[in-house]
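For 282, the entry in Swiss-Prot reads active site, N6-GMP-lysine intermediate, with the evidence type similarity to another entry. Sequence annotations record features per position, and here Swiss-Prot assigns S-adenosyl-L-methionine binding site to 607, 624, 646, 710, 711, 712 based on sequence analysis. Residues or ranges marked as domain 'mRNA cap 0 methyltransferase' in Swiss-Prot (evidence: sequence analysis): 594-868. Taken from Swiss-Prot, the feature site 'mRNA cap binding' applies to 627, 658, 713, 806.
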């Protein structure tokens with residue numbers, strides 16, 4: 001890419017090039033990512049200034065010939081003109097992506113008449129040209145683009161809409177007459193019309209800023225803001241690729257900085273007790289970077305805050321991370337990037353914190369209130385000591401700001417790799433949404449009206465890549481709310497549709513609310529209650545500070561991932577007491593040790609083989625899905641819609657984390673839309689079935705398959721539970737649908753206990769190197785397998801040496817009950833039958849498979865049943 005000075009010089013040389021004497025030489029500034037709102041803003045601003053203008057209508061047909069664009073253009077009512085357009089050079093400004101623009105130097109050369117074919121691209125243009133000076137004209141164009149069969153089908157209709165309006169078009173009435181919407185593209189271009197030898201790079205920058213100021217009156221401040229972010233990034237990032245993203249505006253301050261993660265129980269389980277971590281309070285402020293650069297001191301937060309100058313010799317750079325209170329101009333530092341020219345980003349937090357207080361003192365020299373956040377190093381795992389530590393931080397009354405949570409900082413990692421978690425009471429967890437009023441006359445059952453309320457839809461932002469990987473679809477009415485140009489960008493709005501509540505994007509706004517006219521605004525909201533088909537949302541405030549971001553077309557409230565992970569704290573509330581005692585419901589807390597590697601791989605292989613039998617099915621239900629251990633297998637199998645049901649909220653929260661992890665780190669050929677339902681499967685089948693059928697988009701006829709891996713033993717306490725399970729499967733499956741159970745086989749377990757003469761309260765063990773690897777404790781006295789209710793204790797690979805109680809599965813009784821409820825047995829097989837296939841799959845793992853592993857695996861099997 002050339003420099004701007006070089007491009008201007010090349011432009012001037014073109015006029016002395018004899019080979020170009022019959023060519024049209026154009027120097028244009030083209031603005032990118034123009035949506036309807038931006039277009040309308042600039043258009044109305046120019047009309048209001050009563051700048052001389054003209055309107056033209058044209059039809060350009062573009063045909064690709066040997067990688068060149070050959071064009072036929074008809075500027076109505078004149079004749080066709082044939083030419084080819086050849087780009088020579090371009091220069092792209094380093095602006096925020098939503099305000100980005102580039103300078104283009106190109107030539108148009110006449111060519112012979114050519115014949116159009118079906119590959120032609122047709123562009124109908126309604127252009128208003130504002131001659132803002134003798135040197136520059138601004139062209140604002142509404143474009144309709146047609147290709148292939150669209151040309152013959154729609155050309156006449158769009159010519160009428162764009163050109164043949166009832167009244168003669170002027171700059172003042174054009175927008176009203178053609179009423180542009182999502183059918184169109186929008187272009188803003190500035191063309192130089194002065195003497196070539198008079199043009200300078202400074203002239204280009206000046207006119208560019210003039211138009212950008214029309215788009216955003218704060219543009220020059222935004223430019224300074226972006227330059228400040230570049231300065232910070234230059235001291236944090238070493239990758240030229242990442243720095244380029246900052247310079248191009250694709251990344252802003254939020255993407256640059258390590259983010260504080262909303263902590264769920266699943267997160268906390270992984271490092272509880274948090275010995276070695278640092279704890280401080282969460283101030284109710286905004287994230288900000290305090291910078292001392294030369295003689296200037298400023299804070300980069302939601303905007304650029306200039307806080308003064310030393311008036312003395314330039315200082316070495318100091319860069320601090322913290323929370324900023326804009327109204328009071330107060331800064332509370334919690335990390336340091338650079339202190340007096342010394343870069344600290346590769347040091348652990350325990351080292352950086354020593355320099356933080358010194359950096360704060362440098363800020364204080366600028367006569368602003370700056371403090372270091374109070375940190376406590378957690379040194380004890382005792383819950384009582386932890387409680388006192390957390391209380392001393394969260395319940396402290398002497399802080400100069402309101403406290404709305406707790407921050408936990410991991411030691412030992414670099415600045416960018418430091419894990420920082422925030423805990424907030426459920427009430428203080430809020431989300432930012434772009435709110436749009438629901439279009440009328442959609443006739444969507446889920447959009448049922450409520451008297452005294454107006455229905456609005458809640459949107460967040462999402463990348464095109466994540467949208468595809470999560471297999472999301474736009475909600476009904478979406479195309480009426482957002483133009484096609486916005487939907488074709490890399491980042492666009494999507495309805496807030498978390499896995500556990502797909503209709504969470506519905507908001508019924510009270511007619512009596514003090515917040516009026518909320519359509520098109522960004523609102524901070526909290527969940528008050530989850531109703532059957534919608535969420536009872538409360539408006540906290542209108543984010544007036546985000547309205548300008550919204551106009552740029554690159555911001556739509558929270559990012560989808562951030563929003564759903566924050567939402568998890570409504571789904572699985574995390575109490576203050578659990579910070580000290582540890583999260584409740586820690587069934588999945590233990591990790592498998594290395595001795596289970598081969599056996600675990602064998603079980604995984606078998607489950608993978610079973611799930612592949614249902615590959616590419618439309619709707620699959622997993623009963624007892626847990627934290628999503630099989631999620632990757634479903635994704636590999638190309639399941640289109642997966643419904644996971646479990647009563648463990650913490651496990652389901654972990655599953656949702658895995659959903660995003662798979663979407664960002666693993667490649668799958670097919671995308672899967674994931675839904676979760678927090679539900680005890682022992683409850684009545686009718687109630688559970690109704691909840692599943694209420695899932696947005698779930699087919700009336702039912703799912704294609706139901707899978708339950710190593711779960712149904714929980715439902716073998718009584719014959720009533722087994723009956724309920726069979727009824728549930730029948731209600732949820734389509735005719736011909738399949739049930740796939742993997743389970744410990746009660747018959748085989750009883751046989752093992754008899755063979756080893758294990759009596760009541762005695763334990764069968766399988767040891768390796770004097771270590772108990774597998775164990776079953778007999779908790780029943782009967783010598784014969786009962787239909788239900790016989791309990792055993794099982795030592796699980798992830799149970800940290802503790803026995804977990806479960807019921808024996810009488811497979812004969814299970815099959816009998818299912819047959820009674822309209823199912824047929826398709827297949828029943830022991831896991832041991834897969835061992836030869838596993839040997840072929842991985843000879844290295846098979847070699848370390850022990851006899852104990854094989855014995856344990858032989859206790860399991862799978863059952864396949866079909867709904868008649």
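Each residue, glycine too, has its Cβ placed from N, Cα and C.
Of all the recorded positions in the record (282, 658, 713, 806), the one with the smallest CA separation from residue 624 (S-adenosyl-L-methionine binding site) is 713. Rounded to a whole number, the C-alpha distance linking residue 710 (S-adenosyl-L-methionine binding site) with residue 806 (site 'mRNA cap binding') is 11 angstrom.
When the Cα atoms are compared, residue 712 (S-adenosyl-L-methionine binding site) and residue 806 (site 'mRNA cap binding') turn out to be 10 Å apart. In sequence order, 627, 628, 631 are the residues of the chain that are 6 or more apart from residue 658 (site 'mRNA cap binding') and have a CB within less than 8 Å of its CB. Separating the Cα atoms of residue 646 (S-adenosyl-L-methionine binding site) and the residue listed as 'active site, N6-GMP-lysine intermediate' is a whole-number distance of 33 Å.
Of all the recorded positions in the record (607, 711, 713, 806), the one with the smallest CA separation from residue 282 (active site, N6-GMP-lysine intermediate) is 711.
In the three-state DSSP scheme, residue 806 (site 'mRNA cap binding') is classed as strand.
Sequence-distant contacts of residue 713 (site 'mRNA cap binding'), defined as residues of its own chain at least six apart whose C-beta falls under 8 angstroms from its C-beta, comprise 743, 744, 806, 807, 808, 809. Counting other Cβ atoms within 10 Å of each Cβ, the binding-site residues 710, 712 show the lowest value at 710. Among 607, 624, 646, 710, 711, 712, the residues given in the record as binding S-adenosyl-L-methionine, the maximal Cα to Cα distance rounds to 19 Å. Taking Cβ-Cβ distances under 8 Å and a sequence separation of 6 or more, the neighbours of residue 711 (S-adenosyl-L-methionine binding site) in its chain are 623, 624, 626, 743.
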